[in-house]
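A.B. asks: Okay, here's the structure, questions in a sec.
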């Protein structure tokens, strides 16, 4: 479905690199099918060119003329300037895919000022290793076929789920930010391992494999997480001792509230695009 299609990234940050890196590692496209541009940072563009042998657009016009799919990957606060710089070169043949947290398809359509086909995507940085959990929704002018095209793109770098747009802020807080939560807890385990005298390399191997194994159990079990962690515990045992401390400090409640703050922030970012952004 993506054969002979050129993908232009407007923005060259970590999410753009994660997606294009995943697409290339899975050989869904070749480097010549990817063109990247950003606002000002030529050094960053040169880094991506050297790392992946992708094309660097000479201008926004050059990027849009080459592109079939256009991925908006700038920071949400730069969206007005970003769209303003490309909208005069946008045609009915372009499919716009936004990976911007909190930014609605209706806002993007409004900024283009035409019947632009827009698909909103919320991948995560695990796309770089073809393990993203991506959520998609389509805008008013995007066809089912265009949604299928976006699905094919993201399916190459992980799983894809289709949602109503009203659910996308929740998705952003859960899976969009999700990898960072796990990295944070892994960091805590690594610190504990170091303080307990375990060698760094061996400790990391133990922790990462434990995380991978737990994820596999969750994927292959119909039981809720509580059943799985209770399975590990025995009265008076080590896991129970750990959980008593977690419960005493209300870790689960604090973690849940942290995710709620991420969801709230996604909504705030969406609201900010409907008013001047400072």
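The backbone N, Cα and C atoms fix where each Cβ goes, glycine too.
From TrEMBL, here are the annotated features:
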{"type": "BINDING", "residues": "10, 11, 12, 13, 14, 15, 73, 74, 75, 76", "note": "NADP(+) binding site"}
{"type": "DOMAIN", "residues": "6-102", "note": "domain 'Pyrroline-5-carboxylate reductase catalytic N-terminal'"}
{"type": "DOMAIN", "residues": "165-269", "note": "domain 'Pyrroline-5-carboxylate reductase dimerisation'"}
A.B. asks: Across all chains shown, how many C-beta atoms besides its own are within 10 angstroms of the C-beta of residue 14 (NADP(+) binding site)?
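C.D. replies: Residue 14 (NADP(+) binding site) is surrounded by 10 other Cβ atoms within 10 Å.
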A.B. asks: Have a look at the binding-site residues (10, 12, 73) and report the one with the fewest Cβ neighbours inside 10 Å.
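C.D. replies: Ranked by other Cβ atoms within 10 Å, the binding-site residues 10, 12, 73 bottom out at 12.
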A.B. asks: Could you give the maximum C-alpha to C-alpha distance in Å for the residues 10, 11, 12, 13, 14, 15, 73, 74, 75, 76 that bind NADP(+) per the record?
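C.D. replies: Value for the max Cα separation, rounded to a whole number: 14 Å.
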A.B. asks: For residue 75 (NADP(+) binding site), what is the tally of other C-beta atoms lying within 10 angstroms of its C-beta?
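C.D. replies: Here the count is 15.
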A.B. asks: Which numbers of helix, strand and coil residues does DSSP report for the domain 'Pyrroline-5-carboxylate reductase dimerisation' (165-269)?
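C.D. replies: Per-class counts: 88 helix, 0 strand, 17 coil.
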A.B. asks: Mean pLDDT, the domain 'Pyrroline-5-carboxylate reductase dimerisation' (165-269)?
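C.D. replies: Across the domain 'Pyrroline-5-carboxylate reductase dimerisation' (165-269), the average pLDDT comes out at 97.
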A.B. asks: Quick check: in three-state DSSP terms, what is residue 14 (NADP(+) binding site)?
C.D. replies: helix
A.B. asks: Could you count the residues of the domain 'Pyrroline-5-carboxylate reductase catalytic N-terminal' (6-102) that DSSP puts in helix, in strand and in coil?
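C.D. replies: The counts are 45 helix, 18 strand, 34 coil.
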